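Trainee: My questions will all concern the structure given below.
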Amino acid sequence: MAKRTISADPATTKAYEHARTQDITTIWERHEAMQPICAFGDLGLCCTICYMGPCRIDPFSKEDIRGACGAGRDTISARNYTRAVAAGTAAHSDHARGICHTLLEAASGSAPDYKVIDIEKLKTIGAELGLKTEDVSYADLALQLGKRLLENFGKSEGTVDFVKRAPKGQQDKWEAAGVIPRAVDREVVECMHRTHEGVDADPKSLILQAIRCALADGWGGSMMATELQDILFGSPKPIRSKVNLGVLKEGCVNVVVHGHEPVLSEMLAIAAREKEIIDYAKSKGAEGLTLSGICCTANEILMRQGYPVAGNFLQQELAISTGAVDAMIVDVQCVMPGLAQIAEHFHTHLVTTSDKARIPGVNHFDFHEEKALDCARELLKDAADSFAKRDKSLVDIPQESMDLVAGFTAENTFHHLGGTFRGTYRPLNDAIMSGRLRGVVGVVGCNNVKINHDHNHKVMVEELLKNDVLVVQTGCSALACAKAGWLRPEAASEMAGKGLQEICEAVGIPPVLHMGSCVDNSRILIACCEMVKEGGIGEDISQLPVAAAAPEAMSEKAVAIGLYAVGSGITTFYTPAPRVLGAPAVLDYLTNSMEQDFGAHWVFEDNPLTAARGIIEHLDKKRAALKLDPMMYNPDVARSA
Ligand code: MSK
C-alpha cells in the first residue's frame, strides 16, 4: 500500500508509520472513514437549530430555497457562524474566569501554592483600571483586580474594561457599527438567543453580533486570561528549550501535559523539579522524569518555565503511540477523545483533570487548587508507577528535536528591538518606515487533518521571512515553525530577507517570535496598539502594515480569533474557510464589505504560497497608503515544506 503523506514534519511521519505498523487507528484513518464529508454542512447550509428539520439548502439551486421556517441560505449560515464564534469565545473566556478565581483564591490565602509573581504588572493594571494601588498590600490589590475582572463577565452596565486599550480610531469604528462588547457572558448569551429559532433572521445583524462577541473574546476573555496568568505565574522572558517528539526520553518517566490551562501544569512544572519526585521516579527504575507538553498547555509551561514541547495538535495521539508516554495529563480544549483508544494499546495513564472535560473510560483526577502542589506530586508519582509497567518492546521515539527560543510578549519583544535600556516601539516603527521591515504578521492557529500537517504554516512563514516580514506566532502554528528551526536566532541569517536579518542579528532574536498560547493572541493586539501609539505608521490598527493568518485552522476558537482580528482592523488570511461559502451575502460581507465598517476583511485562500503573496501585497498597499517607500518582492524562495 502506498504510504500516505500526512505531515511536513519528519518526526510526525515516522511516528505515524510506527502507529500504523501496530494497527493503531488515528485521526487520519477516522477522518478518511468520514468521507465524503457532508457538503451541506461544510458550506454552512445545514440548519439543525430547531426540531422541524434538519433543513438543508441545495447550494447549486438557482431557486430561493428556504428551510421549513423560511430561513434562507444566508440566515442559516450566519446563524451557524455566530454560534461557532460564541463557542470559541466561551472557551477562551471560561478559561479566563477560571484564572480570575485562582487569583482570588491565591490572594485570599485559600490556595497557598499560588503566589502573585509579577507584582509590577499587578500594579500597572490596577492603576489602569482605577483601583486603589497606594497603601494596599499586594494581596488586597490582587483581590480588587480579581473581583473587578470577574465583573467583566456579567456586568449589566458599561463595557468590557480592556476595549479602552484600543486606539481611538478602532473604538470609533466599533461605536459606529454598534459592536462595543458590554460583558463577555452577555455577548455569548445574546449570540445564542439571536440564533434561536424565530429570532434574528438578518444575516448582517447576526454577523455584527458575532463581531461584538468576538471582540469580547479578544479584548475581554483572552486578554484577561493572558494578563492574569502573567500576574500569577510571571510574565514570560525569552527562554531556550526544545520541541518535537524527540524530547521524550526512553530512560525517563515521560509526563505529557495537554490542553490549555496552566493552573495545574504550573504546579506540575514546580513538582517535576523536586528531589522527592525525581528520587521517586528513580526508585521505579527510571533515570529521571521528563515533563513536556502538547498544544497550548505546552506553550504555557514553555513560555514561563522553559519546559520542552512534544508536539502540536495533530501529534497528540502519536506521542502516546511512541509507547514512551507514562502519563498524559489533560485539561480543556483540543483534547481528542480518540486518545482513550490509543492509550488502551499501551501502559499510558491518560487522566482528565478538569470537571468540565471528561472522557468516557478515562480516569478522572479531582484537582483541588487548595492543595495544588500535593495534587501535582500525586499525579507525577502515578506516572512513575506507570513507567514500571511500560512494555519496552513497544517503544519507538523519533529522535528529532529542535532548539528554540520562546517567551516573547508585547512588553518585552520590542524592548529587545530598542536595546536593553529603551523600552519603546520606536525602533520597530522606524524599521518599518525605513523599509528594513515590510511589516509584521501574526501567523497563528491550529493543525487540521484536512491539510498536510504543518505544511501551510511552513510555506507561508518561509515566504514572509524571505520578504522581510517579522512573524509573530502563537499556538500550534508557533510549534510548527519551531520544529522547522525558525525559532532559533540563527534562522535569521539562514533564511530571512536582508533587512529582517540585520534587525534580528543586531539584537539576537529569531525572525519568528513565539508569543504564547491561543489566549495570548491578545498580546498581538496589544503590540498593535503600541505600534499605533508610537506613531508614524497609522492612526489606528487598520492603517498599520500588519496582517494575520491561520493557515491550518481547526477549532471554533480559531473562528472567534479570526473575527476579533478582522474586527480590530487586521486583515486575516484563513484556511479552511469557515462555513459561509454557501451564503453569498455573508461571504461578501466578511471578505469585502467588512472593510468599510472595520478597515479590514477576511481572505479565504487555500494555497499557502498564494496566501503569503497576498499578505505581502496587502502590506505593500498599507505601506503605499502611508507613503512609505515601496519594497522589492523577493520571489527566490527555496521551498522547505
Ligand atoms: S492548541 S486551538 S489546535 S492552535 Fe491552542 Fe493548537 Fe488550535 Fe488548539
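Think of each number as a place in line: the chain as shown, counted from 1.
Note: Cβ is positioned from N, Cα and C throughout, glycine not excepted.
Remember, predicted model here, so these are calculated numbers, not experimental data.
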Trainee: Could you look at C69, C100 and say which one TrEMBL places alongside C47, C50, C55 in the [4Fe-4S] cluster 2 site?
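Mentor: Candidate in the recorded [4Fe-4S] cluster 2 site: C69.
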Trainee: Pick the one from C213, C518, C528, C529 that TrEMBL also lists for the [Ni-4Fe-4S] cluster site with H260, C296, C334, C446, C476.
Mentor: C518
Trainee: State the Cα to Cα distance, in Å, between C518 ([Ni-4Fe-4S] cluster binding site) and C38 ([4Fe-4S] cluster 1 binding site), rounded to an integer.
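Mentor: Between the Cα atoms of C518 ([Ni-4Fe-4S] cluster binding site) and C38 ([4Fe-4S] cluster 1 binding site), the distance comes to 29 Å.
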Trainee: Which binding-site residues from the set C38, C47, C50, C55, C69, C446 come near ligand 1, judged by a Cβ under 6 Å from any of its atoms?
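Mentor: Going through C38, C47, C50, C55, C69, C446 in sequence order, those close to ligand 1 turn out to be C446.
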Trainee: Can you tell which of the binding-site residues (C46, C69) has the fewest other C-beta atoms within 10 angstroms of its C-beta?
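Mentor: Fewest other Cβ atoms within 10 Å, among the binding-site residues C46, C69, is found for C69.
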Trainee: Quick check for the class: what is the C-alpha distance, in angstrom and rounded, between C296 ([Ni-4Fe-4S] cluster binding site) and C47 ([4Fe-4S] cluster 2 binding site)?
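Mentor: Answer for this pair: 32 Å between alpha carbons.
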Trainee: Can you see whether DSSP assigns C55 ([4Fe-4S] cluster 2 binding site) to helix, strand or coil?
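Mentor: DSSP assigns C55 ([4Fe-4S] cluster 2 binding site) to strand.
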Trainee: Please tell me which one of the binding-site residues listed here (C38, H260, C446, C476) sits closest to C50 ([4Fe-4S] cluster 2 binding site), measuring Cα to Cα?
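Mentor: Spatially nearest to C50 ([4Fe-4S] cluster 2 binding site) by Cα position is C38.
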Trainee: Out of C38, C46, C47, C55, C69, the binding-site residues in the record, which is closest to C476 ([Ni-4Fe-4S] cluster binding site) when you go by Cα distance?
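Mentor: Sorting the binding-site residues by distance from C476 ([Ni-4Fe-4S] cluster binding site), the top entry is C38.
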